Amino acid sequence: MQSLQILAIVSLVVVAIIAIVVWTIVLIEYRKILRQRKIDRLFDRIREKAEDSGNESERDQEELSALVEMGHLAPWDVDDL
């Protein structure tokens, strides 16, 4: 009975560690999706303003360049090589 209790405790710890890792990955991916949506909205605003007025908005371009300069959220996720 003692070894069964130890095995149960060890398995609970392993499951907890796996859950933390999975939810961390989910959070990172969710943040990347939100960031990409923000960039897409800025592109749309710049396109609309360029079509309406003939020139692009400086504030939107600065905001977009600031987002793009933030770099990658995770150093192991480099797809632009």
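Cβ coordinates come from backbone N, Cα and C, glycine included.
According to Swiss-Prot, the features are:
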type     : residues : note
MOD_RES  : SER53    : phosphoserine
MOD_RES  : SER57    : phosphoserine
TOPO_DOM : 1-7      : topological domain 'Extracellular'
TOPO_DOM : 29-81    : topological domain 'Cytoplasmic'
TRANSMEM : 8-28     : transmembrane segment
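On the 0 to 100 pLDDT scale, the model's mean across the topological domain 'Cytoplasmic' (29-81) is 72. DSSP places the residues of the topological domain 'Extracellular' (1-7) in helix, strand and coil in these numbers: 6 helix, 0 strand, 1 coil.
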